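Listed in TrEMBL:
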type: DOMAIN; residues: 12-252; note: domain 'Peptidase M24'
type: BINDING; residues: His83, His188; note: substrate binding site
type: BINDING; residues: Asp101, Asp112, Glu245; note: divalent metal cation 1 binding site
type: BINDING; residues: Asp112, His181, Glu214, Glu245; note: divalent metal cation 2 binding site
Amino acid sequence: MIIIKTSEEIKILREGGKRLATVLYKVKDMVKPGVSTKDLDIYAEDLIRNMGDEPAFLNYRPEGAEYPFPASLCVSVNDEVVHGIPNKKRILKEGDIVSLDLGVKHKGLFTDMAITIPVGAVSSINQKLMDTTEQALKAGVDAARSGGTVGDIGFAVESFIRSKDKKNNMQYGIVEVLSGHGVGRAIHEDPYIPNFGKKGKGAKLIPGMVIAIEPMINLGAKNVTLETDGYTFRTADRKNSAHFENTILITDGEPEILTKI
Ligand code: MG
């Protein structure tokens, strides 16, 4: 069921999204060679709790999971696509790219955001992958208009990536088995927001809907595998992947990004 948020809920989500973006950018500033992925998680959790909020992913148990997610921050390095579990032995090194995915529960309501960033200097192929994925998110957000559909968003992301294939002389993989989603009263709500699709297909976009759009783009093929930890998705061909996500509000006009400072 798609939930339309009340104006009171939207106010809370706007504040929560701002807090989430503030935390995520602080964690971003901590990313450098020599830092462990667990260091980033501890810092993120501290920042969230110091604001009086709660991390949304800690102890979250998706359907079918054998155990709840054991951290506040998902940290996915290089060929890890999403849901990487922080580990004190996993040390970031120069040239890595790292995806940070974070959810915050503020006054009972959830927002969700992700960025992928370089660790020190990275190759131009990796930089282009991150830039392209971030721009694909922008294209998806821009297509999220009242009167349109979920398919318009997927179509916009997919068309943008296919246009970049030519420009960058690449054949980027768009992950299909994972998608964006409604968000707000729960961390995952209806509808699914795939990063591919056809214009005019799928659920209608209505003012008051709050959704997370999150393209996951691979340097190689679209296929992913699940690690034995039950959470970490990696690219099947072990080529790098990038992930950007914003929580947005569907309005009568321009979509409003809630996860921003
Ligand atoms: Mg999400």
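Every residue gets a Cβ built from N, Cα and C, even glycine.
In this structure, the CA atom of His181 (divalent metal cation 2 binding site) is 10 Å away from the CA atom of Asp112 (divalent metal cation 1 binding site). Applying an 8 A CB threshold to same-chain residues 6+ apart, the list for His83 (substrate binding site) reads Phe69, Cys74, Ser76, Asp101, Tyr231, Thr232, Phe233.
Each of the binding-site residues Asp101, Asp112, Glu214, Glu245 was scored by how many other Cβ atoms lie within 10 Å of its Cβ, and the smallest score goes to Asp101. Taking the C-alpha positions, the distance from Glu245 (divalent metal cation 1 binding site) to Glu214 (divalent metal cation 2 binding site) comes to 4 Å. Around the Cβ of His181 (divalent metal cation 2 binding site), the number of neighbouring Cβ atoms within 10 Å comes to 20. Same-chain residues with CB within 8 A of the center of the Asp101, Asp112, Glu245 CB atoms, the divalent metal cation 1 site residues themselves not counted, are Cys74, Leu102, Gly103, Met113, Ala114, Ala212, Glu214, His243, Thr247. Residue pair Asp112 (divalent metal cation 1 binding site) / His188 (substrate binding site) shows a Cα separation of 9 Å.
Summary of the divalent metal cation 2 site environment: with the site residues Asp112, His181, Glu214, Glu245 set aside, the chain residues having Cβ atoms within 8 Å of the Cβ mean position are Asp101, Met113, Ala114, Gly180, Val183, Ile193, Ala212, Ile213, Asn246, Thr247.
Proximity to ligand 1 at the level of Cβ atoms, with a cut-off under 6 angstroms, picks out Asp112, Glu214 from the binding-site residues His83, Asp101, Asp112, His188, Glu214. His188 (substrate binding site) sits 13 Å from Glu214 (divalent metal cation 2 binding site), taking the CA atoms of both as reference points. Look at His83 (substrate binding site): DSSP puts it in coil.
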